[in-house]
Amino acid sequence: MRFLILFLALSLGGIDAAPPLQSRVVGGFNCEKNSQPWQVAVYDNKEHICGGVLLERNWVLTAAHCYVDQYEVWLGKNKLFQEEPSAQHRLVSKSFPHPGFNMSLLTLKEIPPGADFSNDLMLLRLSKPADITDAVKPITLPTKESKLGSTCLASGWGSITPTKWQKPDDLQCVFLKLLPIKNCIENHNVKVTDVMLCAGEMSGGKNICKGDSGGPLICDSVLQGITSTGPIPCGKPGVPAMYTNLIKFNSWIKDTMTKNS
């Protein structure tokens, strides 16, 4: 199946059909070196397509809409376009998209209003375990939900401009607020469900963007979400982004890793 980057072009005035979804960081800053050691860069045929999170030495979590036929990943990177001694390259032996994600959406040229992107997560089993270092460390799954209003951190190598495709070299971080789900329900034309999180800045100027899909949303130092969808232009005022709510999927994630290790 061909890869389709997911990101919504949304407006409060509404549209007949949104183009394919995409995600990236705008309004952020260069992450401190090795401050996000769980961050993964996911590639398709040498092209960076998504972010991911290292959960265990053999397992990376990303978004289901990042699905392609073959993957490779880089761990321990701070700079996307430079060779680094800390970086580790791994192939992916098998991918496990969540069975509840509607994979047929990835074949569409346009995303229809009301499309349901629930269950947007996927596990990647690495062909060789990651070596744990200062630059490469797994992060644990959440045990409880963060409170609304919590400060969250999203990260990735997605575009740093709202409408043009401009990848940064340095890993980008951006602080966002965890918002009531109604903020996303009122401002997105796709279906918003209770397995999603809503985060952003209602004033605009900061958000995830193209290339950040599958990356982490960390709230109060706890991994709570995986980047799923957001607006174009990125950082549009009044339109937060949506993330897969990981606490809803703890059992599936753990069971899948256990049964396929």
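Yeah, the Cβs are placed from backbone N, Cα and C, and that goes for glycine too.
Taken from Swiss-Prot, the feature active site, charge relay system covers HIS65 (among others). Classification of HIS65 (active site, charge relay system) by DSSP places it within a helix. Residue environment of HIS65 (active site, charge relay system) contains 29 other Cβ atoms, counted within 10 Å of its Cβ in all protein chains.
The feature active site, charge relay system is assigned by Swiss-Prot to ASP120 (among others). A 10 Å cutoff on Cβ-Cβ distances gives ASP120 (active site, charge relay system) a total of 30 other Cβ atoms nearby, all chains included.
Positions annotated as active site, charge relay system by Swiss-Prot: SER213 (among others). Under the three-state DSSP scheme, SER213 (active site, charge relay system) falls in the coil class.
Cβ-based neighbour count (10 Å, all protein chains) for CYS173 (disulfide bond) stands at 19. The feature disulfide bond is assigned by Swiss-Prot to CYS31-CYS173 (among others).
Per Swiss-Prot, disulfide bond is recorded for CYS50-CYS66 (among others). Taking the Cβ of CYS50 (disulfide bond) as centre and 10 Å as the limit, one finds 32 other Cβ atoms among all the protein chains shown.
Within the same chain, residues at least 6 positions away in sequence whose Cβ sits under 8 Å from that of CYS152 (disulfide bond) are SER146, PHE175, LEU176, LYS177, LEU178, ALA199, LEU217, ILE218, CYS219, ASP220, GLN224, GLY225. In the three-state DSSP classification, CYS152 (disulfide bond) falls within a strand. Taken from Swiss-Prot, the feature disulfide bond applies to CYS152-CYS219 (among others), supported by sequence analysis.
For CYS184-CYS198 (among others), the entry in Swiss-Prot reads disulfide bond, with the evidence type sequence analysis. Same-chain residues at least 6 positions away in sequence with a Cβ under 8 Å from that of CYS184 (disulfide bond) are, in sequence order, VAL192, MET196, CYS198, PRO240, MET242.
Around the Cβ of CYS209 (disulfide bond), 34 further Cβ atoms fall within 10 Å across all displayed protein chains. Per Swiss-Prot, the feature disulfide bond maps to CYS209-CYS234 (among others); the stated evidence is sequence analysis.
Taken from Swiss-Prot, the feature domain 'Peptidase S1' applies to 25-258. On the 0 to 100 pLDDT scale, the model's mean across the domain 'Peptidase S1' (25-258) is 95.
DSSP assigns ASN102 (N-linked glycosylation site) to coil in the three-state reduction, placing it in neither a helix nor a strand. Taken from Swiss-Prot, the feature N-linked glycosylation site covers ASN102, and the record attributes it to a curator's inference.
For 1-18, the entry in Swiss-Prot reads signal peptide.
Of all Cβ atoms in the shown protein chains, 25 besides its own fall within 10 Å of the Cβ of CYS198 (disulfide bond). Between the alpha carbons (Cα) of CYS209 (disulfide bond) and CYS173 (disulfide bond) lies a span of roughly 12 Å. Checking each of the recorded positions CYS50, HIS65, ASP120 against CYS173 (disulfide bond) by C-alpha distance, the shortest gap belongs to CYS50. In three-state terms derived from DSSP, CYS198 (disulfide bond) belongs to an extended strand segment.
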